Amino acid sequence: MKLNFYKYQGAGNDFILVDNREGNINHHNPKLISSLCDRRFGIGGDGMMFLQHREGYDFEMVYYNADGQPSSMCGNGGRCIVAFAKYLGVITKETNFLAVDGPHYAKISASGDWVSLQMIDVDTVTRDNEAYVMNTGSPHYVQLVSDLAQKDVFTEGRSIRNNPTYLAKGINVNFVEPLNEGYFVRTYERGVEDETYACGTGVTAVALAMAKENKQTGTISTPIKVLGGNLNLHFNYDGAQFTHIFLEGPAVKVFEGEVEVGDLAEYTAEEQTV
Ligand SMILES: N[C@@H](CCC[C@H](N)C(=O)O)C(=O)O
């Protein structure tokens with residue numbers, strides 16, 4: 001069986017996307033997904049997504065990490081699948097779609113490569129020593145550091161992600177350094193088990209954590225520089241709850257193609273009826 005795929009990137013966080021509106025692709029296959037995400041033996045990607053039909057919404061986003069396991073929300077993936085939905089003609093200027101953490105609203109530019117995605121509201125931010133910990137759709141650890149360009153994000157991020165507090169469920173680890181305007185962020189991602197060029201739920205967590213750190217309230221905009229480009233966060237904070245959180249930035253189709261996957265990705269008649 002040949003699988004048609006599309007490759008997208010959002011600030012260098014890259015994904016394989018598949019149109020599964022007809023529902024005939026069996027994606028519950030960690031081996032297949034991890035092999036397609038492999039950068040040497042596959043297409044390469046930090047994750048893989050399936051755009052599916054979902055009653056009451058424009059579409060449903062089904063997300064897998066590069067390790068082939070289904071995961072929590074992916075912010076840059078969410079922005080890329082919105083660009084993909086526009087490319088497919090499923091949406092035009094805005095959308096309401098369903099993801100693993102619930103419904104999301106998003107707006108897309110006429111050019112189709114700039115997406116502003118509403119994230120879930122956040123009301124719980126805890127501390128782990130100096131770090132901030134919260135769930136922005138995915139779990140995140142945020143630590144302020146200096147000289148971030150020189151930091152060994154892989155080694156230090158992996159060590160935090162695998163410490164006894166986080167080992168079982170995992171966590172994404174973000175290091176942040178203030179810039180003249182906004183912040184520079186580098187992230188070690190769970191499920192990729194490596195540093196990625198950007199993480200949308202990660203920069204969201206950083207922007208919220210820095211608002212708390214700096215005791216800012218009201219309507220806040222935060223520019224964030226990542227290894228793969230620039231992202232912007234806009235949100236409201238009343239001192240207790242973060243609401244109207246929008247993650248904004250590029251979402252670009254890189255290429256498309258087809259890949260031979262044998263019969264691995266096809267539902268058998270038996271599976272279809274379960
Ligand atoms: N890159 C994503 C986050 C994807 C999920 C993450 N790896 C996890 O398992 O929590 C983003 O842009 O938010």
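Glycine is no exception: its Cβ is also placed from the backbone N, Cα and C atoms.
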Site co-member for substrate according to TrEMBL, given ASN13, GLY75, ASN76, ASN172, GLU189, ARG190, GLY200, THR201, out of ASN4, ASN24, ASN65:
ASN65
With an 8 Å cut-off on Cβ-Cβ distance and a minimum sequence separation of at least 6, pull the same-chain contacts of ARG190 (substrate binding site), or say none.
ASN65, SER71, SER138, PRO139, ARG161, GLY170, ILE171, ASN172
Taking the Cα atoms as reference points, how far is ASN13 (substrate binding site) from CYS199 (active site, proton acceptor) in Å?
7
Shell list (substrate; ref centroid = CB of ASN13, ASN65, GLY75, ASN76, ASN172, GLU189, ARG190, GLY200, THR201; cutoff 8 A):
ASP46, GLY47, CYS74, GLY77, SER138, THR187, VAL192, THR196, CYS199, GLY202
Around the C-beta of THR201 (substrate binding site), how many further C-beta atoms are within 10 angstroms, looking at every protein chain?
29
Using CB atoms and a 10 A radius, I'd like the single residue among the active-site residues CYS74, CYS199 with the highest neighbour count.
CYS199
